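Noted in TrEMBL for the protein shown:
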- His192, Glu271: Fe(2+) binding site (BINDING)
Amino acid sequence: MSDKTALLLLQMGGPDSLDAVHPFLMNLFTDRDIIKIGPAFLQPFIARRIVNKRAPKVEEYYRQIGGKSPIRELTEAQGAGLQALLGERFRSFVAMRYSRPSTIDALAAIKREGIKRVVALSLYPHYSKATTGSSVNELQRVLKESKADFEITYIDRFYNHPLYIKALAGKVIRGLQAFPDRKDVEIVFSAHSLPQSFIDEGDPYLAHIQETVRLVMEQVGEASHLLCFQSKASKVKWLEPSTEATLERLAKEGKENLLMVPLSFVSDHIETLYEIDIQYAEEAKAHGIKRFVRTESLNSDPMFLDCLADLVRTTVKA
Ligand SMILES: C=CC1=C(C)c2cc3[nH]c(cc4nc(cc5[nH]c(cc1n2)c(C)c5CCC(=O)O)C(CCC(=O)O)=C4C)c(C)c3C=C
Ligand SMILES: [Fe+2]
Ligand SMILES: [Fe+2]
């Protein structure tokens, strides 16, 4: 048995090739924690219909950002950075909810190394049943089926951690420097949207997002800003206003300089590299926005890695 502690990073995952888009979407649309479509026994059939229709469009988005999602490499780099900060007693592993390495892959690797103690660290800063909730449910299912006796502790949110806020505020302050005068800039916080029904049923996601924005702006100081929501993925009511409608409204109001701040993600992926950098940038330009800048994603930012290390140290000590 090893006396090391496994750091298990939980993330959504993404396709690692264009051929992997269809299976990735099938995994996502058959997960009833993120989306319930009809009765459980019918969901795989309905999901297949939805995915067959959606996949060609989504494949084209991934083609435009290099033919794959970079989320695996970026998450593994975060794990390596975290392991380096925490030292020899820790080993990092990644469990992707809808792609490889899966939760089964990750737990098998931890078991092979004889490690018993696991810190499961969700990389979604804001808790939602759809994201962290789904990853934790999957982890608990796999643990139950494998009858493994790991000693697990969970870190399931960090939307208000001082180092997370400081790292994000640093990106915003740096982003503002791309403009001649910050007084003329609108800071557009763009969070991943979520069906309104989750919030109505008590999901804390929206409150967490709003608190992150408040804390970041405390550090950025006086500046015009707003919050909107991107990436609606079904026909029901999702959080509003949408990022697309907001960009159009801002342009109509005569705003010319926008600083986009993606929330909800701690690394680059399709929503930053395609949706903001390509799709929204083109739309904003067509509406008359002159300067459209996006803040850098946290990825392996040293202050963000310090935040993760602090979360782990505090949990392991407790
Ligand atoms: C089907 C419903 C979906 C909900 C609810 C949802 C919430 C949600 N998602 C993220 C983070 C990410 N989503 C990503 C991709 C993605 N998400 C959905 C669907 C829902 N998301 C789909 C169908 C897809 C695939 C792309 C597409 O078809 O548009 C990713 C990116 C993965 C990658 O490319 O690397 C992330 C990350 C959050 C934070 C969230 C709600 C809180
Ligand atoms: Fe999503
Ligand atoms: Fe999405």
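Please read every residue number as a count from 1 along the shown chain.
Note: Cβ is positioned from N, Cα and C throughout, glycine not excepted.
The Cβ neighbour count for Glu271 (Fe(2+) binding site), using a 10 Å radius over every protein chain in view, is 21. For His192 (Fe(2+) binding site), the count of additional Cβ atoms within 10 Å of its Cβ stands at 26 [all protein chains shown].
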